[in-house]
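Novice: Can you keep this structure in mind? I'll have questions shortly.
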Amino acid sequence: MAPPAARLALLSAAALTLAARPAPGPRSGPECFTANGADYRGTQSWTALQGGKPCLFWNETFQHPYNTLKYPNGEGGLGEHNYCRNPDGDVSPWCYVAEHEDGVYWKYCEIPACQMPGNLGCYKDHGNPPPLTGTSKTSNKLTIQTCISFCRSQRFKFAGMESGYACFCGNNPDYWKHGEAASTECNSVCFGDHTQPCGGDGRIILFDTLVGACGGNYSAMAAVVYSPDFPDTYATGRVCYWTIRVPGASRIHFNFTLFDIRDSADMVELLDGYTHRVLVRLSGRSRPPLSFNVSLDFVILYFFSDRINQAQGFAVLYQATKEEPPQERPAVNQTLAEVITEQANLSVSAAHSSKVLYVITPSPSHPPQTAPGSHSWAPSVGANSHRVEGWTVYGLATLLILTVTAVVAKILLHVTFKSHRVPASGDLRDCRQPGASGDIWTIFYEPSTTISIFKKKLKGQSQQDDRNPLVSD
């Protein structure tokens, strides 16, 4: 039997989750948000995926109560198809089948995808020990939410219903080891609500006690928030807050998969979590849009019900989105000359200093991608490897010669400058005589050509100048 994590991953990315209880792995999404699958609009046309019976078309079952002739406008999801549906509010979707000797003309559909978030599944209970080992009670008015509320008040994480009237609570994370059963084996109706499944004989249906809570704090990327007391009708005089805060989210997408609020005074609001400004207000008079986005990472969901009227409530699926910062892509098919130009532009300040930027360019007989030292170049074998080694030695030798030449030139210039001794104060008169000062040699070095040495008189020789002779006017 597969562990629960794998099973829950097949249900949805929107499994009911709080920050303290992370959701299972994501999927495309659940196909049901109600306990009895009344909202199922999937395309399963067999009573079971393995060993099931084919369903009859709803537009060919005129001898039965539910058909397209009686419900021509698609009520209950009926139409010219043979998909499983729940038009009468039974405990799960079903369909008509060809009659057999036992007289059965309809069957429940076992649909793995039609399992509301928070429904953990149907499991075997052999009683020694039971799947949930906490407290328990029995009631002839048992519903899913009365059992969940009882277990939640006792601070248990899980609630289980069995045989329609028994409620079990516990924190046992290994409940799945007792063995999973088909969902149709937990279709015994709850004694308090005949439209809800409450387990079976030796079969327990499990729920997360977060379902139907009045308030909570959500931080998961995706989750489902139910109205208070769900799947029962919400009570009167309810005031509930849920915080949805996903750090780093650029927006949060909301989708009301179920919305049944009939009283015009009952309302659902979405508020800016930072300013408490009302973003969206929904009530019995204003139906929500199918879906919408809120460009925030912190939203407050607020629900209010007055003292009269009740309804099924709502189920809202939210999905947060985080936008990754744009990343700079490396240049594609960039030539070596472009790389050299880019590096030279980044080092443009070197042109105004005494430092020299050395650039080795390839021989014209070699294409740019085979230039020595290029990272995109791959070594070859045989004669090609010797050619590459030769180019590498050539480049290093050229660089060494240029460096030594520059150093020698700088030394010669330094010696020449030092040879002109600064005269004493008594000799200043002689130094001002025409022709008394020596000629200053200025050296310009260009790596791509040769070294040029020529005489150049500094401007304003009659005035003292302490500039570095290497700095040109």
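A Cβ is built for glycine as well, from the same backbone N, Cα and C atoms used for every other residue.
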Novice: Per Swiss-Prot, which of Cys169, Cys186, Cys240 is disulfide-bonded to Cys214?
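Specialist: That would be Cys240, the partner Swiss-Prot lists for Cys214.
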Novice: Can you sort out which of Cys169, Cys198 is the disulfide partner Swiss-Prot gives for Cys190?
Specialist: Cys198
Novice: Find the one among the disulfide-bonded residues Cys55, Cys109, Cys167, Cys169, Cys240 whose C-alpha lies closest to that of Cys198 (disulfide bond).
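Specialist: Answer for the nearest of the disulfide-bonded residues: Cys167.
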Novice: In the domain 'WSC' (116-210), how many residues does DSSP call helix, how many strand, and how many coil?
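Specialist: Tallied per class, the domain 'WSC' (116-210) gives 18 helix, 36 strand, 41 coil.
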Novice: What are the helix, strand and coil residue counts for the domain 'CUB' (214-321) according to DSSP?
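Specialist: Tallied per class, the domain 'CUB' (214-321) gives 0 helix, 58 strand, 50 coil.
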Novice: If you draw a 10 Å sphere on the Cβ of Cys214 (disulfide bond), how many other Cβ atoms land inside?
Specialist: 16
Novice: Report, in whole Å, the straight Cα-to-Cα distance of Cys169 (disulfide bond) from Cys147 (disulfide bond).
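Specialist: One finds 8 Å between the Cα atoms of these residues.
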